[in-house]
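To start, the structure itself, in structure tokens.
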Amino acid sequence: MLPSQPLLHAAVFALAVLQALASDTFTAAVYEHAVILPDATGEPVSPDDALALMNKNMDVLEGAIKEAAQQGAHIIVTPEDGIYGWHFTRETIYPYLEDIPDPVVNWIPCTDPTIFAPAPVQERLSCMARNNSIYVVANIGDKKPCNSSDAGCPSDGRYQYNTDVVFDPEGKLVARYHKYNLFMSETQFNYPKEPEAVTFETPFGKFGIFTCFDILFREPAVVLVSELQVDTVLFPTAWMNVLPFLTAVEFHSAWAMGMGVNFLAANTHYTSMSMTGSGIYAPDGARTYYYNMKTEDGRLLIAELDSHPRLSPASPPAVNWSSYALSVERFSPNDHDFRGCIFYDWFTFTEVTKPEWNLTVCQKDLCCHLSYKVAEKQEDEVYVLGAFDGLHVVEGQYYLQICTLLKCKTTDLNTCGQPVETAQTKFETFSLSGTFGTNYVFPEVLYSGVQLAPGEFEVLNDGRLISKTRPTKPVVTVTLFGRWYEKD
């Protein structure tokens, strides 16, 4: 017997729904937000005043969320500190905090706000997600009471956490993450007792989430990708750019490539603290990004991504980062190596002096090899090849191995390693490699004006970072940024 027409229509509809729920691609959005900051005060404001400030920021975020949804975005990430700003003490941030429950409670604040009251911020974020049928990712503050039976309980009787929340298109709280690696100025918050590895499933892949400084550490960043095999990482951040390697757009793009995942980075926008640089990144390069140190504008970015990037034909092959460098002899002895400082780390440099050459520079166990040909050398520009192999100990402790070709700030070699954003020199070819002791290496190419080079370079499976375009655009730096987590 043939099915009736209504049953046939129902079956077709159900099939269409299932196909939609298993999408091969999805549309992502991030919003770089010029945060409205509270007035400087040494005393806590009232809860009403705190909520008024947060509502001003959420008004802006809600406009971005609506626009993203109208353009077909399935998920939007907003920045760290994007709802209340920064420069707080434990006491002054307290009026801005809410008690955020574990998502196992299966809670939709928009439709049932009183269960964990008062929670006006969570209620409003939930409604933004529900009213626009979009996943909303935001950063807020969590408070958890504790008592003397807890040996770690602070003297004020509460834990305070820098916290990311995710609401699904129904407005349900589906993820809560407490930042584990706090930046040195975040004295208003507590460290969680254990690192959290937070993931959640969507119709377009498995997602993980962490915050800002977390990206430089094994837990939770590497755990999410290498052990829990997430497809996409969500990354609220308040990133202060540090040239030449830790500029937001170049490092976040490189991290996505090195880890083989999608990466949705939403930065705050505050140029007086060098905060800018948001993007939507895939393993094969940036899909869209924004870097603007000239004005105080926010920016909505939208792009399409593969739901399962590891299965994509464009997914880069596995790389043995030391294979090539270990197989070659040192290109040439350097009689003129010198030391230079980058972000408080002492590199070994050698000057790039000839129009075409092979160079090697070594520090400890790391030797960096460069083959290059200059296309248009500017007489007033100096480049060096540098190597660093050691423990960085300034705002945190993490072990680095870095190979870099970089432009010096001036022709004075003492300026090599100082921040620089512009260049005029183009290269016909370059190939950079190193004898890395770690498999976690992130490839960066930064052009003049803090411009990325998506599709204009590639990493070979033997660990060489090579140019694809001839000539390149003017180069600020070409870098292999290695993290040797085991040696931290």
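Using the three backbone atoms N, Cα and C, a Cβ is placed for every residue, glycine included.
As annotated by TrEMBL, active site, proton acceptor applies to Glu80. Look at TrEMBL and you will find Lys179 tagged as active site, proton donor. Residues or ranges marked as active site, nucleophile by TrEMBL: Cys212. The domain 'CN hydrolase' feature in TrEMBL is assigned to 40-307. Per TrEMBL, the feature signal peptide maps to 1-22.
Sequence-distant neighbours of the residue listed as 'active site, nucleophile': residues of the same chain at least 6 apart with a C-beta under 8 Å from its C-beta are Glu80, Lys179, Phe183, Phe235, Pro236, Thr237, Ala238, Trp239. Other Cβ atoms within 10 Å of the Cβ of the residue listed as 'active site, proton acceptor' number 27 in total over all chains. Looking at the domain 'CN hydrolase' (40-307) alone, the prediction's average pLDDT is 97.
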